[in-house]
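Have a look at the structure below, then the notes.
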Amino acid sequence: MASLIYRQLLTNSYTVDLSDEIQEIGSTKTQNVTINLGPFAQTGYAPVNWGPGETNDSTTVEPVLDGPYQPTSFNPPVDYWMLLAPTAAGVVVEGTNNTDRWLATILVEPNVTSETRSYTLFGTQEQITIANASQTQWKFIDVVKTTQNGSYSQYGPLQSTPKLYAVMKHNGKIYTYNGETPNVTTKYYSTTNYDSVNMTAFCDFYIIPREEESTCTEYINNGLPPIQNTRNIVPLALSARNIISHRAQANEDIVVSKTSLWKEMQYNRDITIRFKFASSIVKSGGLGYKWSEISFKPANYQYTYTRDGEDVTAHTTCSVNGMNDFNFNGGSLPTDFIISRYEVIKENSYVYVDYWDDSQAFRNMVYVRSLAANLNSVICTGGDYSFALPVGQWPVMTGGAVSLHSAGVTLSTQFTDFVSFNSLRFRFRLTVEEPSFSITRTRVGGLYGLPAAYPNNGKEYYEVAGRLSLISLVPSNDDYQTPITNSVTVRQDLERQLGELREEFNALSQEIAMSQLIYLALLPLDMFSMFSGIKSTIDAAKSMATSVMKKFKKSGLANSVSTLTDSLSDAASSISRGASIRSVGSSASAWTDVSTQITDVSSSVSSISTQTSTISRRLRLKEMATQTEGMNFDDISAAVLKTKIDRSTQISPNTLPDIVTEASEKFIPNRAYRVINNDEVFEAGTDGRYFAYRVETFDEIPFDVQKFADLVTDSPVISAIIDFKTLKNLNDNYGISRQQAFNLLRSDPRVLREFINQDNPIIRNRIEQLIMQCRL
């Protein structure tokens, strides 16, 4: 029958050519393993004594808090705050345009009753009446006069706990602060020739650009950062600002060395990385209440941005590694909401972003050293994804967030639809952030990480800015293009082809005729007949079969058979039949692998449902080992696979091994198996449902798990193509004879075809459900 193809794949010996092995290593996607290759990986260049390089800074970066500087007299630049930090009472600062504005600021200590004090203002002794009623706060008072020989008037004031004050020249005015900390505001004095006003500071001061006014206000309200209040901070002379600091520019090309044919170029670049996540959401067949998989998949993004006046076209590919698998099971009924597997990235995961742009730095990126980058962090927040149920309120997966932090950069190769090119792979480590994610209308909540359901949260892209430096060995002739030597990446072009093929395969489920399906399921499909629909099959038959079997060897089904073989040899001398459940578990272990999970049912908290579902997962192997004349789930699975291969336009020899392997593991996930003992039938499914009933009446009887374990050890195991509920429904509505019932229980293909040809809606509906489960 059709399932012969799986047995052939399991038992055939195969050869491996070295070229095939190398190609497979280059295209295999691994998960849950991250290898830090280091900055010199995959350069393809001879080992030489090169230096460690440098991470370059940019002269365009302006400090937020510049200082402290020693007391001095100077003309401060326009649009910069002078943040003054006096340590004692007295005159803090004074400034004048020598025409119509003389402004000075006086600091008064706490708890001072009204009194007259003498202050030196602009070189002249002045008597000023001051007061400060506050018990804790210091008081800054502005004293102003508009003529050289006029009297001073008081303005402000500013009641301050941190004892900080600030003044700025901006837009024809001199700005200061007033009010009371921590709720200060700014005020101004209109001044002619304001840009020529000289300021004399009598205390240490800092310089803050106007763009950071909010930071300045924060300091006025709450004080300087703790590091500024230690004795290790020594004020400098203001002339230190004029010292020229020679730094590498953010965007420049430097010739490091040059010979007649080759030269070393250092490329320093500002870089803007934009990327987005992509996800695959696969819904299971059936009534529409179950999802089989929600997973991340690689995402390409192309964009343009401006760098030093130059328009740069960039291309990124985002992929993830080290995913965490979660699941949700709402129950065993067909209308219970279930997500078999959904991926979440957390602190043990990594995000890879492959970046390439059309600038000169990437044109000859083959032999590279001294590769370094400084990147900002970015927070990625999940959105809301609604699970559209046929009836009832929809559950919603909502929330979740992670922050990405730069963890290294190496060379890589990107593959697009048309071209492959060498690029840089930026690796990001993750930390979880608020909010947590949950699934509404379920008990899933308070979990941290970013789920794959809606990772972009409606954003077109996430953005990371930073700087990049590398030294590249390039031809001295700028018109010559270095041949690209491809290096290995996690994602290659094959992944894109497989994604398109999966979508096409799932869409073809609607077009399969059931009579054709039963016919195909009865054919002994071998390797050649299964793949005969592919172009150039005859020419590539040997190599293609080898590739399929090589890939299949690593499948879950093949690994299960390996485990079965080992456990059979181990159990051969230790099987002892007895009345205890413990000995039943041991005798069953040769094929069920449940002895380590069910050791003492009488004291176990596990239910019968848990035990039967554990046993049922290995009944497929038992059925394969004792092939009967009835049709089984693998026959249907192989027939559907054959039909879809024949109709597919995307299938190719490269994608076939992955598709066959994936189909063997994922087609018809909800299977049920039965054993027959005279008039009694025991039926158990992988979803934990179990039935025991009589064939004559279809009346249920108590399910004896010990008897079930005994029977499956010695008796043939049969696929429950037509399960108990379908049989009972068929009998209640149409009435079936005892012989018809036995034939359906044995999955007799001839009887199944008769019911389908008669257009029996109950049988057709059951087969349609099985076909819809054949999804990738």
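Heads up, residue numbers simply count up from 1 along the chain you see.
Just so it is clear, glycine is given a Cβ too, placed from its N, Cα and C backbone atoms.
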Segment assigned the feature coiled coil in Swiss-Prot (from 8-35, 36-63, 484-511, 596-623): 484-511
Coarse DSSP state, helix versus strand versus coil, of Cys318 (disulfide bond): strand
Cys380 (disulfide bond) in three-state DSSP notation: strand
Candidates Ser190, Cys203, Cys216, Cys318, Cys380, namely the recorded positions, that fall within 10 Å of Arg101 (site 'Binding to sialic acid') by Cα distance: Ser190
The region 'Hydrophobic' (389-409) - residue tally per DSSP class, helix then strand then coil: 0 helix, 14 strand, 7 coil
Shortest C-alpha distance to Cys203 (disulfide bond) - which of the recorded positions Ser190, Cys318, Cys380: Ser190
Rounded to the nearest Å - Cα separation of Ser190 (site 'Binding to sialic acid') and Cys216 (disulfide bond): 21
Under 8 Å by Cβ from Cys380 (disulfide bond), counting only residues of that chain that are 6 or more apart: Phe277, Ala401, Val402, Ser403, Leu404, Leu450, Pro455, Asn457, Tyr462
Residue with minimal Cβ packing [other Cβ atoms within 10 Å] among the disulfide-bonded residues Cys203, Cys318: Cys203
Arg101 (site 'Binding to sialic acid'): tally of other CB atoms within 10 A of its CB: 20
